[in-house]
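Visitor: Take this structure first; my questions come after.
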Amino acid sequence: MAMSLKKIGAIAVGGAMVASALASGVMAATTSGDVAGFMKNAIKEDGTPNVDIVVGSGAAVMDVVSAADVAAKIGSMAYKTGVVEDRSAVVKVSAKAESDDVNIFTLNATNEDIALVAAADSDYAKGFINGSDQLKVTDQLASGSIQDVNDADFNATSLGDVSTMLKVPDIDPSDWYSNDDDAGEVVFTRIVYDSDKLSIDEDQILYASIAYKNDEDVFNDNNTVTLKPGMRIPFLGEEYAVVKIDDEDDIIYLGKEAKDGVLKEGEXFAVGNGYEVKIASILKSGDTSTEYSVNVQILKDGKVVKEKTDTVGGSSSAQLKLAYKDVGVVVNDAWEDIAGTTGYAEVLITKDTKALELGEEYIPDWEAYAALNNSDKLEIKKDITESDKANIIGIALKYVGDKKKKLGDRDEVDIANYLKLVFDDEDKNDVLKVKFLMDESKEVTLDIGQKATVLNAEVRLKDILADAQQSVKLTAPIAKLDSEVSLDTADKNLILVGGPVVNALTKELVDAGKVAIDNTSPATLAVVEGAANGNDVLVVAGGDREATREAAKALLEMI
């Protein structure tokens, strides 16, 4: 079955971008030609790709995954210099990607309303649609919002993934809760017919970041994870840690990791901008207790501006949570050395800490909400209680701006300054296609050796050059279908993923006797010089899709 391969455009900067995890025990591939030399030239000096990746129109899912992995890995070969400030740098990361599209006229010829969903992972999007083609949202959310869940004629449609929306593959990297769960971004919109014109009203666009159990993607009670302090989730393309969920003031605090580790009693950690966090004291509660009374201070320019003492550890696994302006602190555990003379605290300290005031506008026209799982359906709330905290599985932003009227060709609807919903009639009378689009840039400040996850790329600052001042935009190569590329007109080097059965360009090379691959071939990496309009070609293939996957893994190991 032919597959539609969307453009892959995440930009990896400054060191290493984590692509799909590779299985252990990678097999060696049969090589022909200078594979290492080919890959050395995959990125130009200006940071732009010198290669297109081509997958067959009839490719299996495994071939598509291999192409995506190779694209991401090539992006990680580039380096980015930022604005130097002491031993840190401001690094700009950009990304462009789009979802599948749908022709509204074909989807709803009878002028019925439609609901669209896309996500960081296409399975998350599909997992939000039930067997009756309805979104899994509560009546409370649906009332005047995403859709009427009781309307059997109301069809919801998945537009798959926007590959640069962020998915966090491990929300508990410090193993505070001994899990390896995931979290991903999802976006919903409802388009209604209003006097035969398309419109989007207030409350009819929703962005959400939701925590799922490991390898689960269907939204239901069994598959989502309750948010707890220290967990990492995506928020508008960047990875944040949960600092505190405050049910008294209806605020969820999120921050970017500054330190995740252990501080000794009396030790201070410099967060930046004059702020420090100090573990002022750690006192044991009794001779046999595992509970400790911990005092934490936040200092600004050497003066204490916020202080808290609370119980940590014990049978209840109590935590200390504290937030002040840009700084957040979670103390997860505490203990003493064997002599009982020095205390230690396991801490998460965050910078750029944000207070999401529920029911208030986080940015103009977008209100913040807690996202809950209510009997297999998504619910959003602005007034949360202590009992609600057990069901909070994410955060959400809801559109509360003016109605978008008479939507048509070339119209764009902004989604939280992060995504867009775009319309295109392709110059045809019976066509109006709609899709989600991202064309976004973000800046992140990193110390040497520090990493951050932003726009679905993991960025690590390897080093700072003395003259590192110039900003260079780096772009990962774009994956294309074999129907979009010709060996006769190619303007750059090509990587062909898949053998002659699934990739038409590979078949051309085989038929011309330039590469030898058939259905019995092992994992193969073969460079054919000058075969693409004077440009070189690297074939990544094997006798079947498993062999092709092994060839791709072998290539990634070589880079």
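Cβ from N, Cα, C; glycine included.
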Visitor: Test of record reading: of Asn108, Asn519, which one does Swiss-Prot tag as N-linked glycosylation site?
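Guide: Looking at Swiss-Prot, the N-linked glycosylation site feature maps to Asn108.
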Visitor: What is the interatomic distance between the Cα atoms of Asn130 (N-linked glycosylation site) and Asn373 (N-linked glycosylation site), given in whole Å?
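Guide: Distance between the two Cα atoms comes out at 15 Å.
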Visitor: Taking the Cβ of each of the glycosylation sites and counting other Cβ atoms inside 10 Å, which one has the highest number: Asn130, Asn222, Asn373?
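Guide: Answer returned by the neighbour count: Asn373.
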Visitor: How many Å lie between the Cα of Asn373 (N-linked glycosylation site) and the Cα of Asn222 (N-linked glycosylation site)?
Guide: 10
